[in-house]
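What follows is a short report on a single structure.
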Amino acid sequence: MNPEERLVTWLISLGVLESPKKTVCDPEEFLKSSLKNGVVLCKLINRLLPGSVEKYCLEPQTEADCIDNINDFLKGCATLQVEVFEPDDLYSGANFSKVLNTLLAVNKATEDQLSERPCGRSSSLSAATSSQTNPQVAVPSTAPEQHSEEKAEMTENGSHQLIVKARFNFKQTNEDELSVCKGDIIYVTRVEEGGWWEGTLNGRTGWFPSNYVREIKPSERPLSPKAIKGFDTAPLTKNYYTVVLQNILDTEKEYAKELQSLLVTYLRPLQSNNNLSTVEFTCLLGNFEEVCTFQQTLCQALEECSKFPENQHKVGGCLLNLMPHFKSMYLAYCANHPSAVNVLTQHSDDLERFMENQGASSPGILILTTSLSKPFMRLEKYVTLLQELERHMEDTHPDHQDILKAIIAFKTLMGQCQDLRKRKQLELQILSEPIQAWEGDDIKTLGNVIFMSQVVMQHGACEEKEERYFLLFSSVLIMLSASPRMSGFMYQGKIPIAGMVVNRLDEIEGSDCMFEITGSTVERIVVHCNNNQDFQEWMEQLNRLTKGPTSCGSLSKTSSSSCSTHSSFSSTGQPRGPLEPPQIIKPWSLSCLRPAPPLRPSAALGYKERMSYILKESSKSPKTMKKFLHKRKTERKASEEEYVIRKSTAALEEDAQILKVIEAYCTSASFQQGTRKDSVPQVLLPEEEKLIIEETRSNGQTIIEEKSLVDTVYALKDEVKELKQENKKMKQCLEEELKSRKDLEKLVRKLLKQTDECIRSESSSKTSILQ
């Protein structure tokens, strides 16, 4: 390696010279251009002899500024008693060899002093025996002897693993470099000559200057048993395990102290201040006090664990025992955090003044914002700390398995918290921004959102899938979609909770994360959830809202709406024997026996004849009734023995019970209507109700025809649906038209203004010419 290459490598490794973006073909010219203004030289002498140059020009613009910088460097070199060059030798480049000799002498003179400085033993040019592996300076090797000594030294340390400790901070300037902080332990993966080594820190591999670190001797090395194999490392493992555990305790104490300081110094005084209302302060605070108290409890528990002998430590077990509290505290905090950020945004000026009056540094709002976000950062830190502890823990340690379980639990909790925060932020956005095509009262009047998620839905038998955002309130389910430009949300409809029937489809149809919503007031909807967690949450919340005294057992998994109606009433009655009729407690009306709408108008034909035949034949055999009832879906396959029993007395008893239920309802209906007749109950037959409909065809011809009530209702339903769609399209077209008109108006005004200015300028120019 020639002197120019060695000097380039030396200056880059010291951090006083920036790495070139491309490979240097001529190191001498590179040095001339880099050192000409004297800034690099002043940085160098300050690095070698701190305080040698108090002030120098960082951005010299003139020759005098450059010469002054060079003179400052030469003054510092005088204390090293080396032969110096003239300032003009460097600035003009005429006698650059003297500059090189001076720099080489400075390096040699400071070699012994740098053993205690960031450059270390490798900072000298004699140690930089090869090219820099950072792809900026490519130089050949000239000292294989020292390289072989380093490799031999690594072999003696065990498993060819060289471990170093950072003595000073180093910030990466390229993507392939590694940023290190003072005290970091780096596992060297590649030793190259030239002052740059490759190593791994916290799972990231990159290049770092070798003279910024020092090698850890085997006697002082706190290594993990998993990092070295082939020799006894129990004392080293114990040493580093203790260090990591103490780090966990120290950071936990500091975290608890920061939370307590924020609560006492800022949040509690803010409560007595008039900047925020009671509701806003509650949103800002959330469950911060509970989190603060819990962290102090956790800190005490970990301290108690550390007092036992090392082989009896139960850090993982302690965290697992407290994991339910962790989950409840942090999930609640994450759910409230978007609302707290909204309060911070709305009252940023007032809160900033308050924080600064309380002693916070400017800007005060930043202190409050970052402090309220610390629980999230700490939650992520738990995973890293526990992984580090597990790395330096023996596999036979009694707490090893609990540590692994705790790592998984914290990773899961961290993911849940992130998802919950995103969901709540989206929910807050929906509630705070106007919704396009919204119908009815404001969405805020519906109360709090119980659950919200993005789903994919299908209408009826339609195979087309649509993305929707479902918002569940206590009384209604709101359906929204993203606007075409993804700038907001559009209203797509709502489903009342009353009368809603929810069925799981994962069990019935074998589809994962799917359920259906049906009811008398809504068309069948199939909902596909994104994951099983959302699916379980939807089923739990919908079951809770729809399953009750007024829902009439709407969650029963039967395919027949009429059967589900009858059986649901029986579930609300008093306990009775197998053949006793139910005792009707709630008021009953004839409308309760109205049949569900058929899938097609012709499905109800012959209903009266079938009913009369059923009631006539039921007196002869109970089995006759069973033939005309909807077949029930079996939950599981019955064995042969169960099948035989089913065909015997159980079948007769069940059929008789169904018949008694129907007869009881008919009797109750007759009683409520004030009649005591034993005849067949009056049933509304939509197909027999005829209406005279006058229609006008497209050709202008008027036709009068007779239609059944069912046909008329379905025709009206289709017309209403078409009208709604047309109305929605007209609203969208109107909005687009208004927007286009506004844009056109702005454009016209702009053109008129430009035209007016042109006319004025032309008239003024003509006037000046005439004058």
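The backbone N, Cα and C atoms fix where each Cβ goes, and this holds for glycine too.
Of the residues S272, S361, S639, Swiss-Prot records the annotation phosphoserine for S639. Between S130, S348, S679, the residue that has phosphoserine written against it in Swiss-Prot is S679. According to Swiss-Prot, of the residues S371, S487, S591, S602, S487 is the one noted as phosphoserine. Taken together, the residues in the domain 'SH3' (159-218) have a mean pLDDT of 81 on the 0 to 100 scale.
Around the Cβ of S487 (phosphoserine), a 10 Å sphere holds 9 further Cβ atoms from the protein chains shown.
Residues of the domain 'Calponin-homology (CH)' (1-111) grouped by DSSP class, helix first, strand second and coil last, total 67 helix, 0 strand, 44 coil.
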